[in-house]
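Read through the structure below, which is laid out as structure tokens, and then see the notes.
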């Protein structure tokens, strides 16, 4: 039994401490925010003004002291503003990371809050409105934060007994438990030594942890309640770590940042999981290192030890005003050196669990050693007293563990697995830092069990391995023999059974989550990635400006500039302008023609895989041929405009030779110029993206009109230039522009020669997607086709999924299929009323997935409906393939059959449900997958923004990446 020193806390609330430093050091930097596109700094005064303005807004909406306010945010300055605003109202904030928190937790927290106010960001408000329709979201980054009066009076309605925050544990026993922490609890840690970690004005402290983790509260309050500067990290850790004086994190995180590389860090404190002797010695040698311990229920940590190099590991002694008891099974203190269960008392003990009175009474009992009415809490840890009065931790007394700093109750994981269809019993164990699941009977699908568990558990509580058995080994008293299960997981295929356990069948199936749906694979996709190569301006030039699309666009432009120079030097006849215009026109048209596209793709993608990679890598850029189309179209318009201006000037020149251009010729020419200029302007990317449907119609009809006017101009120009007595027909036949126009016209008309209405076999996948089957042709893998209900007005492109063999059981003929998912009005109508027939035209043309044949091993990344173009390759891969697919509610949206197809072809596919797991870092995941899978390249199909980000992020780190941009 040991009591921490009795010291009066200088501040009764964390808000009182914060506003003390606002008043004392108003111009000191409070926040150094690296989470956005640009670095932002906020002074203490500015932070207080923003918090007070938001607090005023909240009070006007009815927020009162002691109210609970969910704070659904991401790491940012606005997150900190939201915290201080809520606390200044005397209310209690409930931190939830909007990027990773499960939907069920948001709903549960909102229900328990008892109000209708939720503070959030623009980036998280969509989840609030979807999940909590009755909520009134207050969007922090959209608030008008007016300046305070010159004489500032900081409104602070908090008291020492006011709730400060509620941290929800993992929720693995069902609904998550909210731990109710007060201002008195928090101030007792962060406003005194050692919990304040010696932080003083000017010290830079990292905010690197998830806000849902109670150690994030230690970062924020230890810093801002002591005048420090909070450095808020972005997606990259290193830029923040390099600035810090003080780092608070888990040992796992700290081990990634050696003190020799980051000598700027003067103080490091870890908690959340056991540290190692080597890590403690390393950091204690170069800085002050605090090894700390304590569950959420005792307010972050309640014991701390400043480690000395060479000393054995210890979690130290109780912090001020806290007590630690190590008791035996009878509740009596154990002598020094004897193990027992650790109990916590004192100011750090929280109020209990929100809405769970029975659980609170069970876990928080009157402290018999103080007799002052206070409570003590059983931490569940095993420990012993050392002779010097410090505590040695021995592990957990129950199955409540921490995984990467998050609490996980293994019994809850077991219950979730056991509730999967067909599973009779299940057990979960933490083995070597990973959760292993065990289930019976052995004839179940491990992927289905993991998928089921994923729906019920947060991502960090999903087993990384599932082992299937005929039956569980048991101990003499009939309980599951967990020792034997551990030996099974870590030993050879035929497990060794302990003597105390009954014999059990050795028929075992094991599945890692890399071979199942939506879980944590043996491949650690969350590992840090290396820094980008090359200085920023140079890599921007290489990987953003000089991409193949722009290179081809520029190449066409430079060719035309060369022709212009030749014209200025050689001064040929003016008819050459028409020929050059027509040459650009036919080039721009042909490069978009189905047969030409297929010929180019077939040529470039037929390069043998044995060829040097640099050759295959360049051939794979064939999908950028849209640069030729754009460049030729603009150049054709420029030449047309130049020739029209020249003809107009020549006609109205009084002192020059008479022009051969008739008035009719000039009228047609200027009409054509106006039309072409309008087409080029409408193709300007921002306009085209914002008005896609309108652009498609305009481009089609105006393009046809321009082609007709080109014919008219060519015929009239030849007529005007034909001397009297010569055959007009003969002159027309000798005109190069005429034949080029003929080729362009035939190219445009060619796809319409194949216009037909074909039968469709519709296969509904879900309420959000339908699969359409066709039998009129079998396209090559990586192709796309166009379909329409109204051929003259709209066409929609979809990737094809070749089916070279019929599916006799399903009654589906050989041909191909495509997946239509909900992405607009047309697709929505198609899903609600699946067609029995539909118009198609042209030939299925090759797309970006066609390049997969160039590689020996490839990683494919898709977001949302981008999985459609990949299904053909997934079903009939041309090389070993790994998949990362990020999409909301994959099975609900695309149906079980698509999921089963993916799992059947790529057992290790990673399917990331953004609805429950938040948006992933696809650059990080893709890079780590490439390295683990030993892939040659990455192919991504997503929207333009994500595609550019992933391709740039991977290529600047040395990973070849391919993804079609808007104009490809």
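Positions of Cβ are set from backbone N, Cα and C atoms, glycine also.
Summed and averaged per residue, pLDDT over the domain 'AMP-dependent synthetase/ligase' (20-353) gives 91. Taken from TrEMBL, the feature domain 'AMP-dependent synthetase/ligase' covers 20-353.
When Cβ-Cβ distances below 8 Å are used as the criterion, the transmembrane segment (549-570) is approached by residues 576-577, 580, 584, 587, 624-628, 630-632, 634-635, 638-639, 965, 967-968 of the same chain, each at least six residues removed from its ends. Taken from TrEMBL, the feature transmembrane segment applies to 549-570 (among others).
What TrEMBL lists as transmembrane segment is 622-642 (among others). Same-chain residues lying 6 or more positions outside the transmembrane segment (622-642) and placing a CB less than 8 Å from one of its CB atoms are 547-557, 560, 577, 580-582, 584-585, 587-588, 591-592, 597, 600-601, 604-605, 669, 672-673, 676-677, 679-680, 683, 847-848, 851, 962, 964, 967-968.
Within the same chain, residues 630, 633-634, 636-637, 640-641, 643-644, 647-648, 651, 695, 698-699, 702-703, 705-706, 709-710, 712-713, 716-717, 719-720, 966-967 sit at least 6 positions outside the transmembrane segment (662-687) and bring their C-beta atoms closer than 8 Å to a C-beta of that stretch. Feature annotation from TrEMBL assigns transmembrane segment to 662-687 (among others).
Under 8 Å from some Cβ of the transmembrane segment (699-716) lie the Cβ atoms of residues 578, 582, 585, 662, 664-665, 668-669, 671-672, 675-676, 678-679, 682-683, 732, 735, 737-738, 741, 744-745, 748, all in the same chain and six or more residues away from its ends. Positions annotated as transmembrane segment by TrEMBL: 699-716 (among others).
Nonlocal intrachain contacts for the transmembrane segment (736-755), taken as residues 6+ away from its ends with a CB within less than 8 angstroms of a stretch CB, comprise 578-579, 581-583, 585-586, 589-590, 593-596, 703-704, 707, 710-711, 714, 718, 791, 839-843. For 736-755 (among others), the entry in TrEMBL reads transmembrane segment.
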